Structures are given as C-alpha cells and as structure tokens.
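Engineer: Have a look at the structure that comes next, please.
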Amino acid sequence: MTARFIVTGTDTGIGIGKTVFSAGLAGLLDGFYGKPAQSGLDGETDSEVVARLSGLPSGRVLPEVYRLKTPLSPHRSAEIDGIAIEAAKLSLPELPGPLIIEGAGGLMVPLNRQMKFICIVRDWQLPVILCARTALGTINHTLLSLEALRARSIPLLGIAFIGDEMADTQRTIAEMGRVRVLGRLPRLDPLTPFPKTCERPSTSPTSQRRHSEPLRCLASLYPACHRAGSADDRAHRRRLCRDARRQALPRRDLLLVGHHYGHRHPKIVEAIRHATETVDPVIFAGLSPAGRAVGRSAGRHGAAGARLRLLLRQRLDLGRGRAEDGARLSPQQWLPALAHRRDSAITATPSAR
Ligand SMILES: Nc1ncnc2c1ncn2[C@@H]1O[C@H](COP(=O)(O)OP(=O)(O)OP(=O)(O)O)[C@@H](O)[C@H]1O
Ligand SMILES: C[C@H](N)[C@@H](CCCCCC(=O)O)NC(=O)O
Ligand SMILES: [Mg+2]
C-alpha cells in the first residue's frame, strides 16, 4: 500500500489554499488527488484546478464521489440537490501511488446533519496535513484545529503554512501547538502551474537552492511524506486506532494517571506499577515523577517496558483538559482501589467522539 494523506485546513476559500497546496504536493509526489465531496460547480472545481496546476497526467485526478451544485457547506448543498451524503460511499481507493485527499472547508464541516468531515478522517486514520494561513487570526483557528485532531487521536503529519512569512505567528503555532511545521507555500503571483519534477527534490539546503521557489517550499514535505508511508508509520496508525477504540470503552478498562500524582512516595510508585501491570491501557496524562519512575524501571524489564513506552507516547496526544479531568481524583480515592483490585480503573473521560 502506498502513502495516503488528508489535506485539510483551518477554514475554507481565499486565504487558506488547500487546493493550490494539494496540487503542488500531488505533483511533487507524482501521485493521485481526490476530493470526495465538492460543493460548488460553477467555474473550476478543485479537481479541475489540481489537474491544471499539478502537471499530473490525466487519470491521476480521481472523480469526486459527490458533486454538489451550490457553494455551501456540503450538508446543505447536498440537501438542496436532494442527495444524502453517506459515509459508506466515501471509502478510500487503493492506488499504485501516493494519494492526496482534500476535504471541503475545515475539519468540523458537516457532511450531513449527523456527520462532520472529522468523523470520516478519524475512521480513515490517515496522516493529516493541516493547511493554515499565515495572516492574522490563524493562531486561534490553527490551535483549535489541532485540539480537535488530538482529541480524536487522529495522526497528524504537520502544518503547512500558506502565505507571506509571519515569523512570530508561525513560531507561536509550532510551539504552543506542539506541532511539526512542514513548510510554507508563499502567495504565488502569478499562480501558474507548478514546475514539473523530473527527479525527486533534494532535501539538502544547497541543492534546494536550485529549485524554484514553490518547489523549494514543498521539498521540505518530501521526506516527511515518505516516512508517513513507511511500515513504522503504518504500525503507529494501527496502534492509534486500537488505542482510540480502547479509550471509548467503559471506564473500568482504562487507567489514567493524572499529572498531580506527582510525588514519588514509594507507595504511589508501587500502586502505579501494580496498576500498569493489571490494567491496559494506562495513559500517563501529565508530567508525573512517579509515573516516570515506573516507566524507567519497567523499561528495563522487557515486554512491560515496551507497553509502557507506547502508553507514554500516547500521553503526548492527550489534551490538557482531559488530563485535568483525570486528575480531579485524589490519590486517596484511587490508591486503595489500585492496591486491592485487579482491573480496577481510575477514570478518564471517554475520548471525544
Ligand atoms: N499559494 C497561493 N498563491 C496564490 N494564490 C493562492 C494560493 N493559495 C490560494 N490562492 C488563491 O486563493 C484561492 C482559494 O484557494 P484554494 O482554492 O486553494 O482554497 P481552499 O482552501 O482549497 O478552499 P475550499 O475550502 O473551497 O476547498 C485560489 O483560487 C487562489 O486564487
Ligand atoms: C463552498 C466552499 N468552496 C467549500 C465548502 C466550505 C464549507 C464551509 C462551511 C463552514 O465552515 O461554514 N466547498 C468545497 O470545498 O467543495
Ligand atoms: Mg479546495
């Protein structure tokens, strides 16, 4: 199976540029492009723009599953056309090359009255590239979109900025959003087709200088995209999928060690150790010296260590709010439960659905 990516954005239309970016990326990867639901058929559709700008041979731009006439949110546009958008029809094709899938608008856009685009993205479990403009207002939109992705354990490849350089804005998003920046596509004037890539772009800064400006910006995506298609990342996605399913289970199947179980009293360390051996999954939801002590010692003991490291990795994907929810319980409440009951659970809120 080759790499597949979701290109989404913090918003729609002018100022984001998901379609322009997707054209560059699909061309760069010599891949395929698909827009499952297109709302608005006057003028060029997104697929037609990609066909024009990407330089890809015909046949690499897939037909849209839903072509809706009115340029509105897809759920409304579908209603106007008398069509119901169904999740089952939005399955992903297996193709002989990388596939870029573009969503309509942002993550929370409804596809029908029950289902948002992000629900489909969560089911697909493909790495997301979040396009964010660099102009004023983007910090808020981008951090909110990141929270929504993380709350659902959706794998994120990184952010692609679009627009003129705004150094502090980009840095603030990278730092506060704890997110990898893949690159920045500037405003291209004129907006002409991306240059054809006869060979793969180099990632070395010296060779990159030989690339034209748009290609240079996209070149930084190239290694990240290739890693995302590798076996490692597929295994990571499978784990995320499994963990997301488990988080949705009833409370007693999940232990959440909150960030305030922090002091390293031997009894607390022992209780956490005991719990991690009997309850699976355990999520360390905050910086806990006690949790770290357990993690370190388990790391020296084979299989348990591997499990714990995985769980510690998941900690990074949890939003702060949920860590705090878990931490509302005091050690007095949960220590006795841990000490005496197999499969006891100290609670977390179920993952966002
Ligand atoms: N990098 C860019 N350089 C120049 N113009 C751009 C760039 N990105 C976007 N634009 C302009 O903004 C318009 C909207 O961009 P685009 O269609 O890519 O947005 P979108 O995020 O895909 O919107 P939608 O949610 O409707 O799919 C483009 O038609 C183009 O005129
Ligand atoms: C009409 C737009 N261009 C776009 C749909 C954007 C929906 C935005 C809904 C919203 O957030 O209010 N359609 C599309 O990408 O096919
Ligand atoms: Mg678009």
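The chain as shown is numbered from 1 upward.
From the backbone N, Cα and C atoms, a Cβ is placed for every residue, glycine too.
Heads up, TrEMBL stuff is auto-annotated, nobody curated it.
The active site annotation in TrEMBL covers K35. For G15, I16, G17, K18, T19, V20, D46, E102, G103, A104, G105, P186, R187, L188, the entry in TrEMBL reads ATP binding site. TrEMBL lists T19, D46, E102 with the feature Mg(2+) binding site. Feature annotation from TrEMBL assigns substrate binding site to S39.
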Engineer: Can you list which of these binding-site residues (G17, S39, G103, G105, R187) have a Cβ closer than 6 Å to ligand 2?
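Structural biologist: List returned for ligand 2: S39, G105.
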Engineer: Around the Mg(2+) site formed by T19, D46, E102, which additional residues qualify by having Cβ within 8 Å of the site's Cβ center?
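Structural biologist: So the extra residues in range turn out to be V7, K18, S22, A23, Y33, K35, S47, V49, V50.
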Engineer: Might you list, by sequence position, any residue in that chain lying six or more from G17 (ATP binding site) with a Cβ less than 8 Å away from its Cβ?
Structural biologist: G9, C131, R133, I162, G163, L185
Engineer: What residue among the binding-site residues T19, S39 has the most other CB atoms lying within 10 A of its CB?
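Structural biologist: The residue with the most neighbouring Cβ atoms within 10 Å is S39.
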Engineer: Can you check which residue among the recorded positions K35, R187 has the largest number of Cβ atoms within 10 Å of its own?
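Structural biologist: Answer by Cβ density within 10 Å: K35.
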Engineer: If you compare CA-to-CA distances from T19 (ATP binding site) to each of the recorded positions K35, S39, E102, which comes out shortest?
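Structural biologist: When the Cα distances are compared, E102 comes out closest.
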Engineer: Can you give me the Cα-Cα distance between G103 (ATP binding site) and S39 (substrate binding site) in Å, rounded to a whole number?
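Structural biologist: Cα-Cα, rounded: 11 Å.
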Engineer: Could you check which of the recorded positions (K35, S39, E102) sits closest to R187 (ATP binding site), going Cα to Cα?
Structural biologist: E102
Engineer: Taking each of the binding-site residues D46, E102 in turn and counting other Cβ atoms within 10 Å of its Cβ, which one has the fewest?
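Structural biologist: Output over binding-site residues D46, E102: least Cβ neighbours within 10 Å is D46.
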Engineer: Using DSSP with the three-state reduction, classify D46 (ATP binding site) as helix, strand or coil.
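Structural biologist: DSSP call for D46 (ATP binding site): helix.
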Engineer: Could you state the CA-to-CA distance between the residue listed as 'active site' and G105 (ATP binding site) to the nearest Å?
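Structural biologist: About 11 Å separates the two Cα atoms.
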Engineer: Long-range neighbours only, meaning 6 or more apart in sequence with Cβ under 8 Å: which ones does G105 (ATP binding site) have?
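Structural biologist: Counting only residues 6 or more apart in sequence, the Cβ neighbours of G105 (ATP binding site) under 8 Å are G9, D11, T12, S73, P74, F117.
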Engineer: Determine, to the nearest whole angstrom, how far the Cα atom of E102 (Mg(2+) binding site) is from the Cα atom of D46 (ATP binding site).
Structural biologist: 9
